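Colleague: Take a look at what Swiss-Prot says about it:
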type	residues	note
ACT_SITE	HIS697	active site, proton donor
BINDING	ARG17, GLU18, LEU19, LYS20, LYS117, ARG518, CYS519, TRP564, GLU608	5-methyltetrahydropteroyltri-L-glutamate binding site
BINDING	ILE434, GLY435, SER436, GLU487, ASP602	L-methionine binding site
BINDING	ILE434, GLY435, SER436, GLU487, ASP602	L-homocysteine binding site
BINDING	HIS644, CYS646, GLU668, CYS729	Zn(2+) binding site
Amino acid sequence: MTTINHTLGFPRIGLKRELKKAQENYWAGKISQQELLETGRELRARHWEQQKQAGVDLVPVGDFAWYDHVLTTSLLLGNVPPRHQNPDGTIDLDTLFRIARGRAPTGEPAAAAEMTKWFNTNYHYIVPEFQQGQEFKLSWTQLLEEVDEALSLGHQVKPVLLGPITYLWLGKVKGQVFDRLSLLQDILPVYQQVLAELAKRGIEWVQIDEPALVLELPAEWLTAYPIAYQALQGQVKLLLTTYFDSIGHNLETIKSLPVQGLHVDLVAGQDDIAQLHESLPKEWVLSLGVINGRNVWRADLTAKHQLIKPLVGSRTLWIGSSCSLLHSPIDLSDETALDAEVKSWFAFALQKCEELALLTAALNQPDGSKQAELDAYSAPIRARRESKRVNNQAVTERLAAINPQDSERNQPYLQRAEIQRQRYNLPLWPTTTIGSFPQTTEIRGLRLDFKKGRVDGTSYRTNICEHIKQAINEQERLGLDVLVHGEAERNDMVEYFGEHLDGFVFTQNGWVQSYGSRCVKPPVIIGDVSRPEAITVEWAKYAQSLTEKPVKGMLTGPVTILCWSFPREDVSRETIAKQIALALRDEVDDLQEAGIGIIQIDEPALREGLPLRREEWQSYLDWAVEAFKLNAAIAKDDTQIHTHMCYCEFNDIMPSIAALDADVITIETSRSDMELLDSFENFSYPNEIGPGVYDIHSPNVPSVEWIEALLRKAADRIPVERLWVNPDCGLKTRGWTETRQSLANMVQAAKRLRESVK
């Protein structure tokens, strides 16, 4: 039996972020839709060929998306929210963008669909909306067209399709409450039609993604799997594909399904492959996800080979990435500035394809002729363990010296709140922003010139100070109560801090997609983390010197830095988080000593870091909360600690949110129509809350009346004296014109509400 390999998906964005640039140029009216479509065709063709040349046997098709693959599935099924539908009922590319962004180059603006995290990753998907009685039909043939493209180019094609149960699981009911699982019988005919079309094209295998099978699903959802897959069997072979965790707890359901293969994630999951082999039907393909699709580290192919070798010859095996390579940068060979030793520790998406090819070749040659090549490839991993770049004795000793008091504020919240009220004397409904202001071409150019050495340090600081002054002046003109310095010096909220902490390295082109056209370049944590000098104090102190109003110091929290970086694999996530917390603890102390009395520690990734299995939640939450408190607890009683979170379902982690003991929490709520506040109301959350009153991911400017209505809904749930007024998130990606208009309306809404309670 010959072992073959495949990937579950490949990055869409292009090595130079070509897709992002084409999307944004199209949205700005700078290129035509035809030019955008051509960019997509070029990227797909390039990526298929690159995988083939790297040695991938089955090329995934259908992993490309114009915004998000879940949204693509919604269009495939004809699931378009009524507010986004074209008058004639047709679906086009602008329909897709209107759902995701709230507007498109054609069509009237309408509230964007909700966006949330894809399982426990930093990728976001557009949440499907379901209404009772809605109809589904094959309406968007992108998958079929792309399969035709790939076939015409001579590739061995494996279409990728998000499975029906996971699709329904990921969505939300809008309007009248009903069980969205009841829609299964309505969407299955569309899936049948798609599979029939693929069969007509001679497709043998379809990768049907059901990552919901790694979750602890309710019984009725598990029961739906046999129903769904009985309906889908027979037209093509189905590779039931799971990832992000193990599937042992759902194995009885899985092995009863009429599919022809199963893919398991052996990186994030802990499934015993010998047990899987014994449990699964002998005729099934067992696809082993042994190459990590979510990191940048070179694989220990010697160890992987030893793991898989005992199964060779006993059943048909495929070797694959643990999940889609969407979460990995594209090509390490493009990194010309990385230190050679550090570079030898890494593998990006294309290198992971090459790892699959080498591992497959070794498994197909049982005489051991590839063993030396495997060992040579894996040698840098062993060398890394002893590297001085990795180990810092001072950090180890400081971590060991932590005591319980280091994580506790001096006074409880109620006493602190009174002290802070006396210091700041803020009005009811105090207004603020989340941190960043628009990153103009001028600002980005300045940072690039400084990085390239075209601008010296003195000139750079002078220019950044001018941008800070502009941000302060804009906020004072608008009438905001608590100001920010605007973060002109920051490229990314995680990358910026990583650049100033020991233990991190950075890539030139290590971009990954976060959502739509939003790409991030995560730092890589390669060793013990420490802070050699103050990071933000200079800018915050200057901003505060320009105004009598309080200016917030802005930090990214330890859990978010961990979650939004590529972490080490040789120590626990808890250890890394606490190392970062100790480094940022020193920053909090330096800020307050410099006169900064309000300090925001952003933790948007706190919930994202949760394990997918609920039984593992509490252990994670305990150390995540401890890391935040270790970061913040050095603050004096009159120093007000804010935190910010977004895209969260808070209800099931409210005790941990409260345990953070932040004086103020600001959250993303506008897309959910303030529903997220229900969790805080039901829990009787004791501290102050700033519910986001407008969606910064959409260019739409909210009206005063819209914001006022949302704030009144908030006041129905939270006492007015504990409410703040702010946007959902930072304003980095917005333009100044819409930012001024939106913030002016926000301030005006707050003033109206103050008048109404006099």
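Placed from the backbone N, Cα and C atoms, the Cβ positions cover glycine too.
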Colleague: Within its own chain, what residues at least 6 apart in sequence put their Cβ under 8 Å from the Cβ of HIS644 (Zn(2+) binding site), listed in sequence order?
Modeller: ILE434, GLY435, GLN600, ASP602, GLU603, PRO604, ILE665, THR666, ILE667, CYS729
Colleague: Give the number of CB atoms, excluding that of GLY435 (L-methionine binding site) itself, located within 10 Å of its CB.
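Modeller: Taking every protein chain into account, the count is 26.
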Colleague: Quick check: in three-state DSSP terms, what is LEU19 (5-methyltetrahydropteroyltri-L-glutamate binding site)?
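Modeller: Going by the DSSP assignment, LEU19 (5-methyltetrahydropteroyltri-L-glutamate binding site) falls within a helical segment, counted as helix.
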Colleague: Among SER436, GLU487, GLU668, these being the binding-site residues, pick the one whose CA is nearest to that of LYS117 (5-methyltetrahydropteroyltri-L-glutamate binding site).
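Modeller: It is GLU668, whose Cα lies nearest.
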Colleague: Checking the spread of the 5-methyltetrahydropteroyltri-L-glutamate site as listed (ARG17, GLU18, LEU19, LYS20, LYS117, ARG518, CYS519, TRP564, GLU608): what is the longest Cα-Cα distance, in whole Å?
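Modeller: Of all Cα pairs among the recorded 5-methyltetrahydropteroyltri-L-glutamate binders, the widest measures 28 Å.
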Colleague: Inside 8 A of the center formed by the CB atoms of ILE434, GLY435, SER436, GLU487, ASP602, which other residues of the chain have their CB, for the recorded L-methionine site?
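Modeller: So the additional residues around the site are THR433, VAL484, MET493, MET554, GLN600, HIS644, CYS729, GLY730, LYS732.
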Colleague: Whole-number Å only: compute the distance from the Cα of GLU668 (Zn(2+) binding site) to the Cα of ARG17 (5-methyltetrahydropteroyltri-L-glutamate binding site).
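Modeller: Taking the Cα atoms only, GLU668 (Zn(2+) binding site) lies 27 Å from ARG17 (5-methyltetrahydropteroyltri-L-glutamate binding site).
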Colleague: Given HIS697 (active site, proton donor) and CYS519 (5-methyltetrahydropteroyltri-L-glutamate binding site), what distance in Å do their CA atoms have, once rounded to a whole number?
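Modeller: HIS697 (active site, proton donor) to CYS519 (5-methyltetrahydropteroyltri-L-glutamate binding site), Cα-Cα distance: 14 Å.
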Colleague: Nearest to GLU487 (L-methionine binding site) in three-dimensional space, by Cα, is which of the binding-site residues ARG17, LEU19, GLU608, CYS646?
Modeller: CYS646
Colleague: Provide, as an integer number of angstrom, the distance between the C-alpha atoms of CYS519 (5-methyltetrahydropteroyltri-L-glutamate binding site) and SER436 (L-methionine binding site).
Modeller: 17
Colleague: Which of the binding-site residues ARG17, LEU19, GLU608, CYS646 has its Cα closest in space to the Cα of SER436 (L-methionine binding site)?
Modeller: CYS646
Colleague: Measuring Cα to Cα, how many angstrom lie between CYS646 (Zn(2+) binding site) and LEU19 (5-methyltetrahydropteroyltri-L-glutamate binding site)?
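Modeller: The Cα atom of CYS646 (Zn(2+) binding site) is 25 Å away from the Cα atom of LEU19 (5-methyltetrahydropteroyltri-L-glutamate binding site).
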